[in-house]
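Below is one structure, written out as structure tokens, with a few remarks after it.
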Ligand code: ADP
Ligand code: MG
């Protein structure tokens with residue numbers, strides 16, 4: 001139990017027992033990529049992999065943080081937390097009480113010990129898992145009562161986004177924090193990024209002899225942040241040229257004619273991805289609700305092709321994961337997350353999972369890629385108190 005590990009780290013670091021232990025999950029997005037900042041739709045599930053934080057409030061303003069995956073104790077007065085301060089991983093922790101205070105909540109300093117079991121930097125949202133576990137702890141420790149319902153949880157998610165954007169200075173659209181705080185076991189979370197509306201969509205593959213495989217490609221590519229900014233800029237340029245409030249307003253019907261008004265082929269392809277991807281999320285929800293998993297698999301493949309060809313955010317490792325999974329019997333597969341590395345997902349018959357994993361591993365070896373990590377996941381629960 002990593003709740004035990006977090007509590008033990010707390011005791012050995014700070015010399016007393018924590019008030020409690022809280023945890024929050026990583027996520028994979030089933031479909032709907034680069035749609036969040038286009039007022040679109042996405043469909044994440046919470047992972048069984050969680051980040052645990054043991055915490056205790058302080059009388060003074062000091063924030064002290066230690067992590068089993070960090071590099072020593074970091075101390076900063078809450079009043080001195082600012083963009084880039086503290087630097088590094090501790091920003092994801094200290095940014096949360098900072099953001100809650102900025103949102104008007106009475107928050108003091110605290111001691112925090114972290115043990116994360118979400119793979120770091122694999123596109124599975126270890127950053128939001130960390131923020132949201134700290135947010136859950138802060139909600140209870142400072143009696144903010146933000147965990148009791150969706151309204152409070154949405155408020156807490158916004159504070160965690162603020163922490164990541166402003167203090168850790170990482171751009172993020174909000175899907176990760178919503179998944180970590182609002183997802184429910186056995187369900188995918190349909191998130192409408194235009195108005196924040198959410199719906200729970202049943203996602204219990206085991207009842208249908210299926211499973212979801214995550215392939216962490218462990219691929220490392222430079223320039224990821226720059227590419228993300230470029231894609232956002234292209235979407236904004238397309239919005240301006242089309243004279244719409246967002247790409248969400250552009251219907252999928254008659255799309256090509258509409259796109260012909262754009263000034264370049266690149267803008268046409270970027271906008272085409274976003275508009276068709278939003279439509280694929282809607283179709284995937286309909287297919288899941290009617291247990292049509294073949295259709296879901298085909299939507300995964302269409303989504304991957306769109307990201308590879310139109311949005312141009314895939315890389316050879318992600319394409320290899322998708323192609324080899326399908327060759328070994330997956331109903332469908334796609335890269336998930338921002339792109340340029342990270343993870344892919346595959347919808348597989350449960351009894352084919354080991355064969356798919358072996359085939360993917362062999363395909364990576366044949367191309368001289370780093371050996372990928374892969375594991376089966378189920379839709380798990382949101383951030384909460386563990387003890
Ligand atoms: P992802 O969220 O996809 O895993 P990010 O780059 O957004 O990738 O976030 C990863 C960063 O979050 C790490 O480099 C580290 O700074 C921080 N982080 C996440 N989990 C932990 C942890 N358990 N301990 C310390 N830092 C963590
Ligand atoms: Mg992240």
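Glycine too: its Cβ is placed from the backbone N, Cα and C atoms.
As annotated by TrEMBL, domain 'Galactokinase N-terminal' applies to 9-57.
The feature domain 'GHMP kinase N-terminal' is assigned by TrEMBL to 92-182.
Look at TrEMBL and you will find 285-365 tagged as domain 'GHMP kinase C-terminal'.
For the domain 'GHMP kinase N-terminal' (92-182), the number of residues in each DSSP class (helix H, G, I; strand E, B; coil) is 53 helix, 7 strand, 31 coil. With DSSP states grouped into helix (H, G, I), strand (E, B) and coil, the domain 'Galactokinase N-terminal' (9-57) comes out at 9 helix, 26 strand, 14 coil. Averaged across the domain 'GHMP kinase C-terminal' (285-365), pLDDT in this predicted model comes to 97. Assigned with DSSP, the residues of the domain 'GHMP kinase C-terminal' (285-365) fall into helix, strand and coil as follows: 51 helix, 12 strand, 18 coil.
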